[in-house]
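Lifted from Swiss-Prot, the feature list:
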ACT_SITE  Cys30  active site
ACT_SITE  His83  active site
ACT_SITE  Asp99  active site
Amino acid sequence: MEGDSRAATASQYQPACPTRDACVYSSCYCEENIWKLCEYIKTHNQYLLEECYAVFISNEKKMVPIWKQQARPENGPVIWDYHVVLLHVSREGQSFIYDLDTILPFPCPFDIYIEDALKSDDDIHPQFRRKFRVVRADSYLKNFASDRSHMKDSSGNWREPPPEYPCIETGDSKMNLNDFISMDPAVGWGAVYTLSEFVHRFSSKNY
C-alpha cells in the first residue's frame, strides 16, 4: 500500500518548471543550467525555494559514472568529471530529480533516478564511487560564481559554446566553481554525502 501511495503522490506532482525544453540550457554547462532553474523556481513561486537543492556529483578523482545520459543513451554510463542536478523535496514527502541531461523523465522520481542513473556503489571500483555536495538553492543562487574559464583550452578557445547571457558572479567572487565540485566537507557550501548517505537522507521511501 505504501508503494501505491507513493506512486499516486508522484502522479499528482506538479513540476517546478513547464517542460524540459522551457528550461535555459547550454550543453556542458550543467552548473549554470541548474543555477538558472533555481532562479526560475525563485521567481515563479510554485514551490518554496527552501525545498530545492543544487546537487553536485563528483569525487576525488573527478571520474563519476552516470547512466541514462543523453550523451550515451545506451546501456553504458557516461564518465563525467562532475555533474549537477536539482533536487526538490516536496512538502508531501516526495523527492524528485531534475537532470537536464538525462533520458529519464523530467522531473524524475528520486528513487527511480537512483536506481537507473546512479545504480549502486557495490559493483563500482572505489575510484569511481560518487559523492554528493547538496547545497540549498537559495545559497546556490547567492554564492555560486563562474567565469567559464574551465571551458577554455590551452589556446583560449571554447571547448563548448558558452551561454549567451553574462557570466554569473557575486560581490565576492567571479569564479568559485571548484569549491562546489570539491567533495572536501571543509570546503565550500552545503553538506557532502556518500551515495548511501544521500539515499538515506532524501529517498521518498524514508518518509
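Using N, Cα and C of the backbone, Cβ positions are placed for all residues, glycine too.
On the structure: features taken from Swiss-Prot.
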{"residue": "Cys30", "record": "active site", "Cβ within 10 Å": "21"}
{"residue": "His83", "record": "active site", "Cβ within 10 Å": "22"}
{"residue": "Asp99", "record": "active site", "Cβ within 10 Å": "28"}
Coarse DSSP state, helix versus strand versus coil, of His83 (active site):
strand
By the DSSP assignment reduced to helix, strand and coil, which category contains Asp99 (active site)?
coil
How many whole Å apart are the CA atoms of Asp99 (active site) and His83 (active site)?
9
Report, in whole Å, the straight Cα-to-Cα distance of Cys30 (active site) from His83 (active site).
7
According to DSSP, which kind of secondary structure is Cys30 (active site) found in, if we only use helix, strand and coil?
helix
